[in-house]
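Trainee: Following this message is one structure expressed as structure tokens.
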Ligand code: KIV
């Protein structure tokens, strides 16, 4: 359990020394449970799938992200909170600045994450120049799911490998404080991690990244629409809760809840 607020410097200092632990959360209730147990809480646009029941992340909008990020920040004291810029909000440098400044200021969030490749170097540079801490998300970019016709693992050939390593270096030079590597061949994520001085956090990118992140509803067995290969499930949340709600329903139906002790 952490006893001090995680800052950018804490994360930087862990590079190559101690693994960074990250998880998503979308509300204050979960954030309070995860706070201090993990270094980073990401308010990911994955909330559209895990929380919103959709099959992709593209329909998340800035107002929704701000709403959820405020809730997570309200429930968090120690962990570093990372907000996720939704699809279409950083299409140009100008849009990125307007939207990121609003998100950063309204939520009091520690940093923002954007899905990038080498075409977005100017956007990352512009945000960092304004004092916004940026994490660059490379590899499998869920916001490109429609464009690419699915969730595609990256780094499978030399061209992709070189593009990923070059992007990561360019993001570091543009000012990004970290790289999120999603759906990247483990050997390539290892090379990315060795090629930059900033921390890498992986999801479906092997063990060599400087840290790992999972979507909370995958990690704790609440999301069962599909189970990606990279997910390790740490409890059977859905079944646990289903049993609990059945017990509650039975108690109500059998008039054994509330008891005298639970009544005024
Ligand atoms: O939106 C999200 O939760 C993410 C993670 C998959 C890293 O970007």
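From the backbone N, Cα and C atoms, a Cβ is placed for every residue, glycine too.
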Trainee: Please pick, from 3, 27, 84, 210, the residue that TrEMBL records in the 3-methyl-2-oxobutanoate site together with 45, 46, 113.
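Mentor: Same 3-methyl-2-oxobutanoate site in TrEMBL: 84.
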Trainee: How big is the 3-methyl-2-oxobutanoate site in terms of the longest C-alpha to C-alpha distance among 45, 46, 84, 113, in angstrom?
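Mentor: So the maximum pairwise Cα distance among the 3-methyl-2-oxobutanoate binders is 13 Å.
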Trainee: Determine, to the nearest whole angstrom, how far the Cα atom of residue 45 (Mg(2+) binding site) is from the Cα atom of residue 182 (active site, proton acceptor).
Mentor: 14
Trainee: Based on Cα coordinates, which of the following recorded positions are within 10 Å of residue 84 (Mg(2+) binding site): 46, 113, 182?
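Mentor: So far as Cα distances go, the recorded positions lying within 10 Å of residue 84 (Mg(2+) binding site) are 46, 113.
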